[in-house]
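What TrEMBL says about this protein:
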SIGNAL    1-30  signal peptide
DOMAIN    170-219  domain 'LRRCT'
REPEAT    222-264  repeat 'EAR'
REPEAT    268-310  repeat 'EAR'
REPEAT    314-361  repeat 'EAR'
REPEAT    363-406  repeat 'EAR'
REPEAT    410-453  repeat 'EAR'
REPEAT    455-497  repeat 'EAR'
REPEAT    501-543  repeat 'EAR'
Amino acid sequence: MAGLRPRRGSGLPLLVLSTLGFCLMLQVSAKRPPKTPPCPPSCSCTRDTAFCVDSKAVPRNLPSEVISLTLVNAAFSEIQDGAFSHLPLLQFLLLNSNKFTLIGDNSFTGLSHLQYLFIENNDIWALSKFTFRGLKSLTHLSLANNNLQTLPRDIFRPLDILSDLDLRGNSLHCDCKVKWLVEWLAHTNTTVAPIYCASPPRFQEHKVQDLPLREFDCITTDFVLYQTLSFPAVSAEPFLYSSDLYVALAQPGASACAVLKWDYVERQLRDYDRIPAPSAVHCKPMVVDSQLYVVVAQLFGGSYIYHWDPNTTRFTKLQDIDPQRVRKPNDLEAFRIDGDWYFAVADSSKAGATSLYRWHQNGFYSHQALHAWHRDTDLEFVDGEGKPRLIVSSSSQAPVIYQWSRTQKQFVAQGEVTQVPDAQSVKHFRAGRDSYLCLSRYIGDSKILRWEGSRFSEVQALPSRGSLALQPFLVGGRRYLALGSDFSFTQIYQWDEGRQKFVRFQELAVQAPRAFCYMPAGDAQLLLAPSFKGQTLVYRHVVVDLSA
């Protein structure tokens with residue numbers, strides 16, 4: 001072992017030299033000053049701050065340790081999503097005196113440590129409710145001197161510890177869209193500098209914090225198309241039977257009375273059954289002593305009464321209606337007086353008579369001939385003040401009012417509605433203590449009349465040409481009137497309680513409507529519009545909060 005010597009050319013001396021050289025390099029490198037962090041040409045930087053002027057975009061090559069960033073006079077107008085996500089330690093962000101017009105929903109994503117955010121003196125018109133999402137550490141926010149006209153509801157909800165907010169110098173339009181802000185200002189612990197309305201004129205220069213909430217009427221409604229039934233129809237009658245909701249529709253084009261059932265799961269009307277009726281003009285369901293009957297009125301071939309047999313689950317014909325008495329039916333009205341069931345048929349022929357039928361034991365029997373030879377068009381039963389009345393409209397004379405005589409058990413003519421020489425449809429409603437009649441006319445204005453104790457007086461004329469159908473109805477305390485026309489759109493009017501008149505509310509594109517029918521179906525408030533020339537449309541009444 002002692003005699004061994006390194007061979008010539010051995011690498012040991014080279015290894016020693018390399019090791020010594022590496023050690024010297026370490027010593028030299030340890031004496032060098034630290035490398036300066038990168039800084040874009042448009043910025044002035046220190047280790048943890050950056051001040052940028054005339055930047056064409058949010059600088060990307062800044063040190064990740066930057067906690068303060070200022071951007072002024074930037075040469076771009078939109079702040080994109082994730083624009084500052086490469087600066088996760090940022091605590092102070094000043095974006096003043098730029099020309100920013102748009103800030104993305106997620107522009108500040110990743111800035112969970114940001115405490116101060118200033119976006120002043122820009123051209124921002126609107127913000128998203130998600131603009132400040134994720135800024136859980138933000139304590140100071142300024143949006144002063146922009147062009148903000150409104151702010152979305154709950155825009156400040158993500159800012160749990162916000163202590164100071166500045167909205168001064170904006171053009172706030174104080175309508176329903178800022179109602180939430182008035183409410184928020186009244187309850188927040190955030191210090192907010194006084195802000196003022198720029199419009200509308202009645203609120204101009206008013207302090208937003210002082211606006212009375214009662215001045216904001218922000219709830220409105222709308223009728224939206226909900227379901228289309230691909231067939232024409234001329235009448236619609238909803239009814240309840242065995243706790244289920246149905247509607248019967250007269251379909252002369254399909255030679256049937258169609259019975260549809262409401263599907264509470266699918267929330268749609270579904271086909272259920274059909275009653276043969278080649279020339280049906282009205283299908284009137286009646287539930288008498290828990291039994292379901294449908295009176296089928298036809299222009300030709302006679303009219304009938306059908307009974308639903310729960311054992312066979314089919315409609316079977318129960319009886320005929322005298323074709324010599326009812327020749328050309330146009331409308332049906334069913335009602336109860338002193339516990340007895342009746343239905344009346346309006347006859348529009350020259351030779352027939354509007355007739356009253358009464359239920360007795362196992363069928364309906366002729367009870368009274370009311371109005372002969374007058375081309376009657378519609379019937380309306382009114383049970384007010386304990387005095388049942390039946391109003392009969394006609395295309396050849398003024399509507400006639402009949403009052404029930406309890407001694408004779410018949411209707412007795414009481415008078416005429418002389419303000420209207422003829423009417424296609426007659427309906428009634430009550431508003432407060434007053435009773436009103438609505439009468440549609442095919443030629444001439446439709447009329448709204450009020451009962452004055454001994455006679456009706458006209459309170460409103462509604463322009464209508466070609467109107468065969470109208471219907472007042474009440475939805476959640478709001479009263480409407482649907483007025484159809486063969487020549488134009490259906491008009492929906494809403495009752496103005498202060499003016500005691502209907503005001504135009506909405507147009508519905510219904511072709512030649514022959515009836516309107518309000519039908520509550522669970523939480524859905526529906527308006528059915530059977531059409532003679534087109535599809536039968538189902539509209540849903542919706543409530544819209546404009547402050548949302």
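Heads up, the Cβ atoms here are built off N, Cα and C, so glycines get one too.
Long-range neighbours of the repeat 'EAR' (501-543) within the same chain, counting only residues 6 or more positions beyond its ends whose Cβ lies under 8 Å from a Cβ of the stretch, are 219-238, 245, 247, 249-250, 262, 264, 267, 269, 448, 459-460, 462, 468-471, 473-476, 480-482, 484-486, 489-495.
Shown for the repeat 'EAR' (268-310): DSSP residue counts in helix, strand and coil, namely 0 helix, 33 strand, 10 coil. According to DSSP, the repeat 'EAR' (222-264) comprises 3 helix, 31 strand, 9 coil. Remark: secondary structure over the repeat 'EAR' (455-497) totals 0 helix, 26 strand, 17 coil, with classes taken from DSSP. Counting residues 6+ beyond its ends, the repeat 'EAR' (222-264) has Cβ neighbours under 8 Å at 270-285, 287, 292, 294, 296-297, 299, 308, 315, 492, 506, 508, 514-515, 517, 519, 521-522, 524, 526-528, 530-542, 544 in the same chain.
Sequence-distant contacts of the repeat 'EAR' (455-497) (same chain, six or more residues past either end, CB-CB distance under 8 Å): 221, 223, 415, 417, 419, 424-425, 427-429, 431, 436-449, 503-510, 512-518, 525, 527, 529, 541, 543. When pLDDT is averaged over the repeat 'EAR' (501-543), the result is 96.
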